[in-house]
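According to Swiss-Prot, the features are:
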BINDING   A12, S13, S14, G15, R16, T259, Q304, G402  ATP binding site
BINDING   A80, H237, D238, T239, N296  substrate binding site
ACT_SITE  D238  active site, proton acceptor
DISULFID  C353-C370  disulfide bond
Amino acid sequence: MQQCNLAVDIGASSGRVIAGYLQNGKLQLEEVHRFDNKLIDLNNYFCWDIDRIYQEILMGIKSAVDNGYQPISLGIDTWAVDFVLLDENDMRLTDAVSYRDPRTDGMMEEVFSQISKERLYLETGIQFQKFNTMYQLQALKNSNPDLIEKATSFLMIPDYLNFLLTGKKVNEYTNATTTQLVNAFTKKWDIDLIEQLGFNSNMFMDIQPPESVIGNLRPELQEELGVDFNVILPATHDTGSAVVAVPEQENSIYISSGTWSLIGVENHFPICTTKALDYNFTNEGGADYRYRFLKNIMGLWMIQEVKRNFNDEFEFADFAAMAKGESFKSIVDVDDDRFLKPENMIEEIKAYCKETNQAIPQSPSEVAKCVFNSLAVSYQQAISQIEEIYEIDFPTIYVIGGGSKNEMLNQLIADTTGKTVIAGLSEATAIGNLIVQMMAIDQIDDMQQARQIIKHSFDLYTYAKVTMEG
């Protein structure tokens with residue numbers, strides 16, 4: 001049997017289990033299981049079907065074994081900010097409510113009435129977004145204060161899945177930083193902040209960094225699955241894992257392109273300046289205790305919703321092809337909250353264009369071009385802000401993640417920014433997840449070797465600005 005490491009990579013719309021192993025100095029990948037991840041309505045909240053997700057992970061492990069693999073480790077990454085609370089008997093007190101649920105409406109303002117925005121940013125360095133864990137906990141405190149008091153464990157989504165696999169409870173560093181409750185400098189829970197907000201500080205676990213080995217599978221799972229291996233912490237925030245896979249960090253900006261677009265640079269220190277606050281940048285934790293100085297903005301969620309509104313009549317590739325030959329010019333502000341979870345994305349786009357006295361898209365190609373144009377303009381604005389903060393011109397943009405396969409958007413980014421775009425690594429998150437596991441068990445020495453392996457294992461494609469003659 002082929003020994004492998006398993007990356008469980010769960011995004012906001014789908015999850016995969018990917019087997020990875022080194023062969024002749026190259027990283028080989030095989031997807032052994034895939035599943036949809038959709039929100040469900042529980043008790044009038046938009047929630048993740050966390051029990052089903054767990055069962056899908058077990059199915060993925062079985063599938064790997066059925067495909068001739070012998071797993072020696074497993075790591076889980078997911079989206080950020082969402083969590084569950086457990087009681088003293090380790091039973092769930094809360095459902096896995098999604099960041100897309102409107103329960104956090106008005107919660108930022110409520111928190112700011114207790115603690116200043118400036119203090120929050122100076123201490124945590126985290127971008128202000130209404131769905132951050134801090135505001136979810138504030139909403140929960142308002143609606144069910146007894147649940148927070150009863151809670152003995154706060155576990156983010158990957159932490160909880162790790163607990164189900166191993167029986168051990170830890171909070172992983174990269175995802176913990178997205179709560180806006182971790183001190184950017186000490187890298188520990190900000191207990192003063194937590195207690196000032198009236199949250200139960202005893203429910204937070206020790207924060208463990210990527211590469212930490214949690215432990216083996218629970219005995220009953222070993223018996224059920226017929227295998228045992230170490231569960232290891234990658235960067236459990238999917239973007240943290242994706243950034244590990246960026247081949248060059250010097251003089252380059254990355255765009256992790258998926259449901260969300262995360263645009264930034266990697267640092268060895270946080271930037272908690274007034275300008276960074278004004279531009280709403282974040283300092284999320286990264287692997288190797290690095291900082292991901294980035295802005296989290298709208299991504300391909302809009303086109304996913306457009307596809308759904310057209311009753312899945314078109315594939316994603318169809319929208320890119322239609323937009324390529326389209327001259328439609330209208331732009332929407334993709335970061336307007338109205339586009340987070342509208343009843344109908346197409347109608348919301350049309351309404352925005354009408355309200356701003358722009359041409360209203362009618363055909364599928366016009367809607368698609370409007371979305372892609374708007375994303376490219378949003379990227380350009382974020383990149384300009386990064387360069388202003390750093391007082392450096394970054395010549396290169398790495399586009400990684402699922403969106404890197406969109407050649408039309410890659411070219412649009414090059415044309416809009418005037419920079420060289422290097423795209424590839426559509427499986428960047430799984431790659432980064434696997435790389436960290438391999439470093440944890442000494443299959444790879446360090447990040448420098450890891451990035452050399454990545455360079456030699458995967459194809460990258462370069463896009464330059466097209467200059468119109470005449």
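Using the three backbone atoms N, Cα and C, a Cβ is placed for every residue, glycine included.
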Neighbour-count leader, CB within 10 A, binding-site residues: R16, H237: H237
Separation of alpha carbons, C353 (disulfide bond) and A12 (ATP binding site) (Å): 27
Among A12, S13, S14, G15, R16, T259, Q304, G402, the record's ATP-binding residues, the widest C-alpha separation in angstrom comes to 18
Cα nearest R16 (ATP binding site) among recorded positions (H237, D238, T239, C353) -> D238
I'd like the Cβ neighbour count for Q304 (ATP binding site), meaning other Cβ atoms within 10 Å of its Cβ, all protein chains included. 16
As a whole number of Å, the Cα atom of N296 (substrate binding site) is distant from the Cα atom of S14 (ATP binding site) by 20
Substrate site, defined by A80, H237, D238, T239, N296: further same-chain residues with Cβ within 8 Å of the Cβ centre: W79, T174, N175, T178, G240, S256, W260, L262, E284
Sorted by position, what residues of the same chain at least six away from C353 (disulfide bond) have a C-beta under 8 A from it? S330, V332, A359, I360, P361, C370
On the three-state reduction of DSSP, what should I expect for A12 (ATP binding site)? coil
Can you tell me which of the binding-site residues A80, H237, D238, T239 is spatially closest to S14 (ATP binding site)? Compare CA atoms only. D238
Rounded to an integer, what is the Cα-Cα distance in Å between D238 (substrate binding site) and T259 (ATP binding site)? 11
